[in-house]
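These notes concern the structure reproduced below.
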Amino acid sequence: MRIGKSSGWLNESVSLEYEHVSPPTRPRDTRRRPRAAGDGGLAHLHRRLAVGYAEDTPRTEARSPAPRRPLPVAPASAPPAPSLVPEPPMPVSLPAVSSPRFSAGSSAAITDPFPSLPPTPVLYAMARELEALSDATWQPAVPLPAEPPTDARRGNTVFDEASASSPVIASACPQAFASPPRAPRSARARRARTGGDAWPAPTFLSRPSSSRIGRDVFGKLVALGYSREQIRKLKQESLSEIAKYHTTLTGQGFTHADICRISRRRQSLRVVARNYPELAAALPELTRAHIVDIARQRSGDLALQALLPVATALTAAPLRLSASQIATVAQYGERPAIQALYRLRRKLTRAPLHLTPQQVVAIASNTGGKRALEAVCVQLPVLRAAPYRLSTEQVVAIASNKGGKQALEAVKAHLLDLLGAPYVLDTEQVVAIASHNGGKQALEAVKADLLDLRGAPYALSTEQVVAIASHNGGKQALEAVKADLLELRGAPYALSTEQVVAIASHNGGKQALEAVKAHLLDLRGVPYALSTEQVVAIASHNGGKQALEAVKAQLLDLRGAPYALSTAQVVAIASNGGGKQALEGIGEQLLKLRTAPYGLSTEQVVAIASHDGGKQALEAVGAQLVALRAAPYALSTEQVVAIASNKGGKQALEAVKAQLLELRGAPYALSTAQVVAIASHDGGNQALEAVGTQLVALRAAPYALSTEQVVAIASHDGGKQALEAVGAQLVALRAAPYALNTEQVVAIASSHGGKQALEAVRALFPDLRAAPYALSTAQLVAIASNPGGKQALEAVRALFRELRAAPYALSTEQVVAIASNHGGKQALEAVRALFRGLRAAPYGLSTAQVVAIASSNGGKQALEAVWALLPVLRATPYDLNTAQIVAIASHDGGKPALEAVWAKLPVLRGAPYALSTAQVVAIACISGQQALEAIEAHMPTLRQASHSLSPERVAAIACIGGRSAVEAVRQGLPVKAIRRIRREKAPVAGPPPASLGPTPQELVAVLHFFRAHQQPRQAFVDALAAFQATRPALLRLLSSVGVTEIEALGGTIPDATERWQRLLGRLGFRPATGAAAPSPDSLQGFAQSLERTLGSPGMAGQSACSPHRKRPAETAIAPRSIRRSPNNAGQPSEPWPDQLAWLQRRKRTARSHIRADSAASVPANLHLGTRAQFTPDRLRAEPGPIMQAHTSPASVSFGSHVAFEPGLPDPGTPTSADLASFEAEPFGVGPLDFHLDWLLQILET
């Protein structure tokens, strides 16, 4: 067998062994020699065993030779031994046998060193040759005798194949080897022998010189620019390959990090070095990152080799795959999937399969992709037909996972059984279970365990069982729930069934349950002091087990110096996929990112880390923040943080850096704010790529979208898929029978899950427009224009007739109102489940109240909270009435708000808070749970002498801006500096603000009135009458707390956080993204910046002369207000003041006059866009135009005869132009200045 031959993995391994041998020990003879007889695939193993290769043999410094018999001694008169010269020919018939005596574990090689053969110079040369080979293997030394074994049967000396391949042994057998013998270069000096010398004692192989060889390779890699950390992580067998191909790969543009990643599959180094030019020519869009991701896989070299001849065909018809799609298949499906994709490409895209390229790629991009593609070809026609009736999308979802072929077969075998009694699953549930890795086993587990888990003592619902099984490892999770549920529900754990299900309903659910069982008691005790809810939140994600263990190990350190994180912050970081790694990233990066040149706040760092992939996002911010803040990018710190604070934040930052300059130039002409808005969502990287490839096409015929519309579609989770869906569906949806306008299509697509919502509208539109549903186009668009719109439409189709009939008797508008929110499907199901119970004793709610609670984001959870807490809150010590409870629950976040009132009301009514029940209810209704928590945390400090705020002012601040406002005041909002600058630079003659503005109590009353009103359309008119106010005065009051005119007229009060952001914008300050409130340093820096800016000459005149000067909007897409449900709870229980002192000075003399005036300015047909037609009474199917409003300083921008199309964002949602005007001149002297001064007076401490 030849050494150094380059064909085949076997001989490459031999040559790689020589790469580790330094020149003094490298054998001289490397010429090609003919292959010896019997040199087969096992010769490599024989050779390694012959030289002492043993996988698990420990390295030792020295070996003590065992006792052995003495060798014959040559007579003294014998002539001196000659140098290495060929001996007389040995017998030709040398069997190639690997004797056990040469194996690493044989002791016979030591104790019986073949005394039948006298030692010869050839044998000693053989020993030195074998010793050199042993050095090259980097393996522990094994004693080897200097004499070969003897075949007792033939009397011949035995040589194995490894010995036969040696040039020394070959020299002893010239008949057996064609090449002439060559003496090797000796690795050690030999002393001159005298005539009386005997042959030296038998030689044992010494320990390989691995330290010397390691130093040589290490030094070479260091010289090539690799860091010590990179070298430490490399595999030993890859070192020489890296050194060999480094120059070639770096010349092709690969970095040191790229080469290290490729070396995980060392064979890929050679393939990439040799074939990169051909790959780049065949796939010009294939990036080096794609190649690295493919090459580092288990068989990446084979995938690259398979890709090269078929790449051009895959980019052509019928698939027309992009380079990234081909790379995805090669990375995950490897060579078999690439070959199957090429072979089946026409069959998959033609009749009867008609798969799209995206579907084909999804199927092929998994382990077992080849088998899945073949199975789809066979099974898809069958599963689409009766009796299965699966859609193509469902079949693709099942096949697009590891084990997709087996999952398809399992669905075919079990679907009909699971749809029937006693299981009664629906098709979607079966598909959900099967659409994960291990789907076959999960289906079998559901079939085996569902009936047991639905019965006593488990009492799980079908939905809960399906949720547990619908993840990777679903079978094991079901088994764990069955084994541990009863124990976890009992003492000392005391978990609820819902909490156990939440923990188990993720990848690795079984391990997460075991971790909760092991660590819950410790984490609830000292010194951790976590609540049960916090432990459950940490465990309820992929990798929950590891996250719990990391919290237990690091919580105490992170709460102490120098990190100083709160327990809530640590929990927030850990409560995501990859929470363990995110905590490690915080420990490594927090101190660095808080110092120069980064200057991030702790809250910003926590916000970045509190997402899936948080560790990588932190590292990316550390690497790129400084560059992105500098020219030519010129991003602000807040924008960088906003981009990084999402799933895939690292990739989004890299995409912004790569594409920002291009997207700001022609032909895209996007603003920096628009690019940031697109990137600041989950999947921002893909969304930016989609905008770059589709913007120009979508702006042209036949789509004719505006740039703002394209940005609006892309600025959500799944923006890439939504853009693709608009490109595919827009033309069809604008035509008959759908007849949607472009704005309606954009509204549907501009939500999370927009792609699926568009597809659902196209599929369900004809059915829902016809009897018995008879929904209008506007109602369908309203349902679909929310996250989860597809599921909401399907739920309406499934539950509509039941909810319209007794005992529910809901109107069509009420059903649509419930479905037209986040989680509309779940809200409809909750109404069906809880309606009769809530209408009966002891609850006694009206139908309108049940609908009002369900008609908000999170309606299901709010209904469940009312079911659990209403009896408790009506009893002592709470003593709330039903109307107050319904008012709190009838808003987004109703469940946590109710729970916060239940937990904190007794505390907040006592010292040192001294709040009334009405104030607590108002804060919970207006600003929610977080505001109550902020008051509990900060009010004792705000009541002290350093702030001296009364309870009424604290309550007003909480209603104005929620938690953010309370924390900003607590940290030191620079109100005095702002007011002083305003007095110096923009003096206004007139009465002081205290004589013009309402009291804090009156402000809270007005906001609560709007939030608790049953008919938002009528709220403004009723407020004019209730508070005896003029229209301009009420508008100015609402404007002073961040409500735009159009929102006020529609009765839509945005949530406190959004209003606070607007108010800070009017003051000229934008808090850092991701932070709960501005930090003291940033606030003081803001005040100093204001003083420097306004201290310049001419600023006062500029302010006075241009009170309405607009500044550019921050983004083309205004933040959408939280849309109010049309069915809100009843009036507040506390008596409202008949009139307010500040309004009394401006009130009309006759209440009827007020009614007439308001009727003219706010007509009965004022609609809130998609929400208008959902009011239970007095609603039309189609909205009409808004009549001309009174002309007044506060309403001039509210033009006449403005028609709002159905299915668009609410007219209660201000446009970017509205917000720009609202925040136009922070320090002007316009009509709102008095009320801005009044706001500053309330905030001043």
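Yeah, the Cβs are placed from backbone N, Cα and C, and that goes for glycine too.
Annotated range for motif 'Nuclear localization signal 1' in Swiss-Prot, selecting from 101-107, 185-191, 472-478, 584-590: 185-191. Feature annotation (Swiss-Prot): of 130-138, 814-822, 1219-1227, 1237-1245, the stretch labelled region 'Activation domain' is 1237-1245.
Your range for motif 'Nuclear localization signal 3', going by Swiss-Prot and the list 612-615, 1108-1111, 1212-1215, is 1108-1111. Per Swiss-Prot, the stretch carrying the note motif 'Nuclear localization signal 4' among 489-492, 601-604, 857-860, 1145-1148 is 1145-1148. Residues 173-205 are the range that Swiss-Prot records as region 'Disordered', among 140-172, 173-205, 965-997, 1031-1063.
Mapped onto DSSP helix, strand and coil, the repeat 'Core repeat 3' (425-459) counts 24 helix, 0 strand, 11 coil. Within the same chain, residues 809-810, 814, 817-818, 820-824, 826-831, 834-835, 837-839, 885-886, 889-895, 898-899, 901-902, 905-906, 917, 1014, 1122, 1125-1130, 1174, 1176 sit at least 6 positions outside the repeat 'Core repeat 15' (845-879) and bring their C-beta atoms closer than 8 Å to a C-beta of that stretch.
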